[in-house]
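Novice: Here it is: the structure, laid out below.
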Amino acid sequence: MARYRYKALRMDGTCCAGTLEAADEQSLLEMLHRRGIYCYEYRRTEAENGRRTSSRVKSDAIPPFCRQMSTMLGAGVPVSRALSVCGSSTRDRSLGRILARLNETVQKGRTLSEAMAEMNGIFPGLLVHMAAMGELNGSLDRVMAKMADHYSREAKLRKKIKSAMTYPAILLVVTLVATVFMLTIVLPRFASLLSGTELPAFTRFLMGTSAFLKIHGLHLLLAVLGLLGLGAWILTIPAVRLEKDRLLLGLPVAGRLLKTVYTAQFASAFSLLYASGISILESLDAAAAVMGNSYIRMCLGQVGMDLRKGEMLSQSLERRRIFLPVFISLVAAGEESGALENILADAGIFYESESAMALEQMVALLEPCVMIVMALVVGSIVIAVMMPIYTMYSHML
């Protein structure tokens, strides 16, 4: 028996959380369903051998692992031997140790998916589900190839997001450092020069700010760090994180970008699961678990409850408004035509490219805005210093 920590929805739509012992993940879900509770997020808190688990497999390591496994399994190499080769060839020591543990479990008679599931959330749930289906229908090599493609696209999108946000972040840091430098180093040197001179209100304000930072700068820094730490702790509270994730989706520009990213993520994961032969409800459960937004996971839990009552997937998703309207129309078309998995697979690829384009457009707007803010801040300080100097020099003439 293993212990699971879960978050779920009651039949009245209220959230609940707790811990429960179950033989495996499927048993956990069945136990909760019998209680009239729909689980939308769960994780194992204790491995069956009593050891705490190590960290998850790095996202960048998953595509090459899946690709290697697909190649070797397709060539007829046994799973245990394939895992041994992957573990010995990787340069990531952490991944090597994980694959060694995985191989030990496989050699004891477990299947690859069972061994992954027993490792307490180290491998993504989507990969575990897909591996299980590949084992059932004898297409594990093809499934691993599909997962390699899926995680490669996800990795490329993450890299694009990181690289796109790096430059604006650097500009913001430079602006902050330049402002602090001018207020704490440059302005005090002009204070003695401008003493006894009638100063404009803005210059006096900056001089006062400079004096305050010189005296209380360290206290202010500690207070800011304390507030950031408090804010990070508050965001660990499920109800607060849920509300934060809901508000993020409603932001004017960033909200649409996030919806595009999550739409691509859901469409890709759901289509992979559904096309592999998993039922629509189980596909929805597994796809919800990979979503990076707790509000979306909760809404997908409510969608699952609607499906159990006989409602169409597109109708339930439309009421939740967590994905783009065009995507909901595609889901409806897929339900009507009976080609839901194919339409969603194409939609996933389409919205991944849309996410990259939307991100580039947002950054293209953000960069000049940051530059303007930087110019205004630094320029205002320079003008505030130079104006009284120029006035004093004019009076001397």
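Here the Cβ of each residue, glycine as well, is placed from N, Cα and C on the backbone.
OK, TrEMBL features for this one:
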DOMAIN    65-188  domain 'Type II secretion system protein GspF'
DOMAIN    266-388  domain 'Type II secretion system protein GspF'
TRANSMEM  166-191  transmembrane segment
TRANSMEM  211-240  transmembrane segment
TRANSMEM  370-393  transmembrane segment
Novice: What residues elsewhere in the chain lie close to the transmembrane segment (211-240), defined as a C-beta under 8 angstroms and at least 6 residues from its ends?
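Specialist: Same-chain residues near the transmembrane segment (211-240) but 6 or more away: 7, 15, 17, 180, 183-184, 188, 294.
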Novice: On the 0 to 100 pLDDT scale, where does the domain 'Type II secretion system protein GspF' (65-188) sit on average?
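Specialist: Mean pLDDT for the domain 'Type II secretion system protein GspF' (65-188): 88.
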Novice: Take the domain 'Type II secretion system protein GspF' (65-188) and count its residues per DSSP category (helix H/G/I, strand E/B, coil), listing them in that order.
Specialist: 104 helix, 0 strand, 20 coil
